[in-house]
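Colleague: Dropping the structure in here first, questions after.
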Amino acid sequence: MWESESESHGGERGLVPVGGGGGSGRHEAALKNDGFVRRDRSWYVNSDIPSDLLVKVGDVNFYLHKYPMISRSGRMSRAVYESSAADEAEADAAAAVAVVEMGDLPGGAGSFELAARFSYGMAVDLTAANISGLRCAAEYLEMTEEMEEGNLIFKTEAFLSYVVLSSWRDSIAVLKSCEALSPWAENLQIVRRCSESIAWKACANPRGVRWAYTGAGAGSGGARGGPAAIRGGGGSGGTASPRWNVGGGGGGESKESSPSRQAVPPADWWFEDVSVLRIDHFVRVVTAIKVKGMRFDLIGAAITHYASKWLPGLTKDAPLGATHDEPWAQASAAGVGGGGLHMMIISGAGGGKDDVLAACSAPSREQRMVVESIISITPPQRDSVSCGFLLRLLRLAIMLRAAPALVTELEKRVGMQLEQAALADLLIPSYGGRAADTAYDVDLVQRLVEHFLVQEQTEMAVASSPGRGDPPPPPQPEYYSGRMPPSSAAAASASASTGGLNAKARVARLLDSYLSEVSRDRNLSLTKFQVLAESLPESARACDDGLYRAVDSYLKAHPTLTEHERKRLCRVMDCQKLSFDACMHAAQNERLPLRVVVQVLFTEQVKISNALASSSAALRSSSSAPGADAAPAMPTTRRQLLDGTPQSFQEGWAAAKKDINTLKFELESMKAKYLELQHEMDALQKQVDGRGGGAPSPAAAKIGKQQQQGTSASAWSSGWKKLGRLAKMSGADAAAGGGVAPPGGGEAAARKGPRRWRNSIS
C-alpha cells in the first residue's frame, strides 16, 4: 500500500532540522537568534550581532549576516566577495555592509526567506505549496552538497521524491505552483516528474483509489483547485489527497477505510483535479496519460471537461463570455504563484465581425494557444469526443484565426462523424470581414461534406478488400486461421454498406436543413447553393422533400432570378422523389417554372397509373388464387381509387384538374379560330383560281402572273406554312372532330384538305 505521506509520516514531514555539518555550527551558536522579524517591507534577524549583509529580492530587503549565508550558498559567497572587493577603498572593509541584489531569484521573497531560515539553522516547514519555489531557489543559490552536507538541494529533492510524488493531491498542487517558475521548474524536471506521477495515478485501477479526492468534494481540504498545505505534526493534516492501495491491505489501515467498504470511484474521478492546471501543464499530463495507454474516450472526456472550464463557449448553453465565477479565476485565487491564464471569448452575436476580431485582438494570443493546444491533444480516433464539441471548437479556431494546419485537421475530424452533428452547431458564421460575404460559412460546410465522403469511401474500401499484404492462409481449419470466413466477410461488408447508407441519409437530412436555413441569405449565390445541394450522391436521399423546401425558400428570398436560373435551381431535386404533399404544393407554387410544374403533375399521374396497374394485377392474381371469394375487393377504376384516398388528395387533385380543364378550353378555342381562318383563306384562293375552268378575270390573271413570277405568292405560301406549323399541334384533334368544323366546307375544301395538311407537316 502506498498513500499520502501527510497521514502516515506526519511527524517527520515538512520539518527540516538544523544541518548536520559542522562547518557553520559555531556561527549559528554565536548568533543566538530567536527568529526573523518583519517591519514593513524588510526582514531582520533577532540577534545580538549587527547585520552586515543586505539582500534585496524585488522590493523586499533582508538584513542578514554574511557567514551563515556564504557557508551554504555558493552564489551568495561569490556575490559577497564581489561586493567586498568593490569596497576595498574603505578603511574597514570587514565592517562595511555588503549589498546583494537578487531580483531574478525564482520563487521571490517567500522562497528566499525559507532559504535564509534554513541557512540560520531554523526549522523550515515544507509544504506542497512552497516546495517547488524553494527547490528552484536552492538551485539558484547553489546550496549544494559541496558547500555543506545535507544542504537545501538535497532536502528539497528528498521531499519531492518521497512525499510529493507519492501523493495525488500534492502532485497537482506542486504542478500548479510551477506556473510562475519557468524555466527553472522545467530545467529541474519538476514539471515532468509531477506530470508522470499524475498520469500514473490517473491510469491506475480505480479500485485502488479511496473516495477522498477533490472531485468528490473533500470536507476540510481547503479550496478546490488550491494546493494542500502539508504541515508537520499529527496525522490530522486535513488534506484532500486520495489514498492508494495497490496490493492488499496495509498494516496501518483501519477496517472503516478498507477498499471493500468504500464505493468504487468512477473512471472520470480525476477530471476535476487536472482541470485547474494551466494549458501547457495540462498538455504534459495528457501526453503522459496517452503514453501509458489510457482509453481514448476517457482522454477525450477529460479534454472536453477541461475545455468547458477554460472555454465556456464550447458548452451548448453557456455564452461565449467569461464571468467572475470562471474556474481560472478560482484557481488563481486559491492556487499558488498566480500565473493563471484568464480567458475571454467574445461572441459574435452582439456585434459585427470586425468588432469580434477587434475585441479578441488583445488576449488573442493566449486564447489561440489554448484552442490550438486542445486541438493538438485531441485523440484522432472516431467518437473520442462528440461532433458538437468539435464543431464548437472549430468555430472558436476560425474566429481566433488558429493555425491553418490545425484547422484543416479539425475539419477532417468533424467530417469523420458528420452524421452526428446538429444544425445549430453547423451554422458557423463567416468571419471574412467583407460586406459581400454570406452570413454563414457555406464553403466550410462544403469541405466538411467532402471529408465525410472521403471517409466513407475509405471505410467501404477497407471493408470490401480482404487485405493484400496478408500471408496466404495455412492448410488448417478455417477457424484456426486469422482470416475471416467468406460468409463473415460478406456480412461485414454488407453491414458496412448499410451503415454507410444510413450515415449518408442522416447527413443528407442535415444538409437539407442547413440549405433551408442559409437559403434566406440574399448574398448566397446560386452556384454555391447548387454545388452544396449536389455534393452528396443521389442515393443518399430517398425523399427530396427537404431539398424542395430549401429550393422554395431560396426562390422566395431571391425573387429577381431569371427563368433560366430558376430552371437551373430546380434541377438539383428529383421530382420523382417528392411526396404527395410536396407535389400538391409544387403544383400550386407560382415561384416554380411552368415546366417543373408540368413535370411534377406528370410524375404524379404516372404514380397513379402505376398504382392502378398494380391494383389490377393484384386483383387478377387474387381472383385466380384459391379462396379468392374471401379476398377484399380491390379498386378497379380511377374513381374507386380516388374514393379511397384522403380528402386532402381529392381536394388537391380537383384543383389541379380544374386548371388542366381551363388550359384545354383555351386550346380548343384557339383551334376553332385557326380553322375559321383557314376556311377564309380557302375561299380567297378559290376566288383567285376561278371556278369550273372558266376564263380568269383580269384581276385573277394578274394574280396568277404574280404567282408565276414568285412575288406575292411566296408571301402567301410562307404565311400558309406558318399557320400549318401551328396546326401541326392540333391536327390530330381537329381530324377526330375535337375542334369546331369549318362552316360551309364543300368538296373542294375536302379535296384540298390533305394537300394543305401535308404542307403544314413539311
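A Cβ is built for glycine as well, from the same backbone N, Cα and C atoms used for every other residue.
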Colleague: According to Swiss-Prot, which of these ranges is coiled coil: 122-159, 160-197, 502-539, 654-691?
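Modeller: Range annotated as coiled coil by Swiss-Prot: 654-691.
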Colleague: What counts of helix, strand and coil residues does DSSP assign across the domain 'BTB' (51-128)?
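Modeller: Across the domain 'BTB' (51-128), DSSP assigns the residues as follows: 30 helix, 16 strand, 32 coil.
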Colleague: What average pLDDT does the predicted model assign to the domain 'NPH3' (268-607)?
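Modeller: Overall, the domain 'NPH3' (268-607) comes to a mean pLDDT of 78.
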